[in-house]
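Some features that TrEMBL has for this protein:
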COMPBIAS  1-11  compositional bias 'Low complexity'
REGION    1-48  region 'Disordered'
COMPBIAS  12-29  compositional bias 'Basic and acidic residues'
COMPBIAS  36-48  compositional bias 'Polar residues'
DOMAIN    52-115  domain 'Transcription factor CBF/NF-Y/archaeal histone'
């Protein structure tokens, strides 16, 4: 008689085919993040796993500002997360224009269109010239 072992499978990334709203997935991510909050050296390990950008590079960029002498791990993480969210938002908005042109690849004109059309990106006007 063979024994079978059931192993629970937990999704590691958001699967668009999975049922559930975006708000539910955000809530689950927030719970996961709050349960992982720690202090000390282990906290920086947790932050680096939650960030897709290199934290050391971001810290170095922050320190190039003469007004910044010290940057805590938390502040570096917040800047990294805000940058990720900004890039994601502008990419998604640009994708709409690429899809209108029946393309899957983002082009510069898609970014230009998103910057011109969306008020939140008004500060970027003229930066891609």
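Quick reminder: no glycine exception, Cβ is built from N, Cα and C everywhere.
Each residue of the domain 'Transcription factor CBF/NF-Y/archaeal histone' (52-115) gets a DSSP state, and the totals for helix, strand and coil are 45 helix, 0 strand, 19 coil. Mean per-residue pLDDT, taken over the domain 'Transcription factor CBF/NF-Y/archaeal histone' (52-115), amounts to 95.
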